[in-house]
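What TrEMBL annotates here:
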{"type": "TRANSMEM", "residues": "26-48", "note": "transmembrane segment"}
{"type": "DOMAIN", "residues": "41-292", "note": "domain 'G-protein coupled receptors family 1 profile'"}
{"type": "TRANSMEM", "residues": "60-82", "note": "transmembrane segment"}
{"type": "TRANSMEM", "residues": "102-120", "note": "transmembrane segment"}
{"type": "TRANSMEM", "residues": "132-154", "note": "transmembrane segment"}
{"type": "TRANSMEM", "residues": "205-226", "note": "transmembrane segment"}
{"type": "TRANSMEM", "residues": "238-260", "note": "transmembrane segment"}
{"type": "TRANSMEM", "residues": "272-294", "note": "transmembrane segment"}
């Protein structure tokens, strides 16, 4: 993609996947399929949970929040990405770019917080089942949801405001498929030390702190599972925990890898960095409804009731 020469800095251009522009049409196929799966899977989950009173439990309320976050996170980047791949529509206004950046990063932080809440929910359900409903009451679930939202707003607002205040240099070409913070920051003419340090600090804190809490929850769960007498129950619990941890790894590892490589200018091909940044935003939202929802007996029973009604 040739760099636009006569360009207003109120408008930026996204290159898509640098170095792989000739493959954009092919790359768009799995991206589009994952987005359609995300819409169908999360939309179906939300409809089922809303329609079935027996699913109005803390576990499924958290699942509903996760579905909404996944829908917003995917929709904030995929339609624009597909328009780049299909129609070479690279232009995006600075305001739209910053809005997209805010939604992507804020909802990523919200998703991370919610994965912690869901791990805690599973811990209480398995290790303290008799007190489950007395611990996770509706006000507690609402407070946890609100806390994850407030944390995301507090953490991510300074990033967006800081970039809004920085002067951007021409040519305003972002070597990315969406307005990722570190990629946009490369266009800044001013001092970016604060933004770089703040972004790395917040991402490291959220990624390490949240994944540590999740790991602790699952360690307690596994300890409880190992005390079960039934081999079948142990096998089922291991399978469930394993699939949960795989999806979480797909969320945390590619996102942190892409950010650190972008920050420290590691000699990795640009298209690999961009693909890593896409993986953590596209794959978990497509797989979460399957891993957390459809595999659960209560959700399948709810779907059967809905179909027969």
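Each residue, glycine too, has its Cβ placed from N, Cα and C.
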Region pair the transmembrane segment (272-294) / the transmembrane segment (205-226), three or more CB pairs under 8 Å = no
Do you know the mean pLDDT across the domain 'G-protein coupled receptors family 1 profile' (41-292)?
-> 87
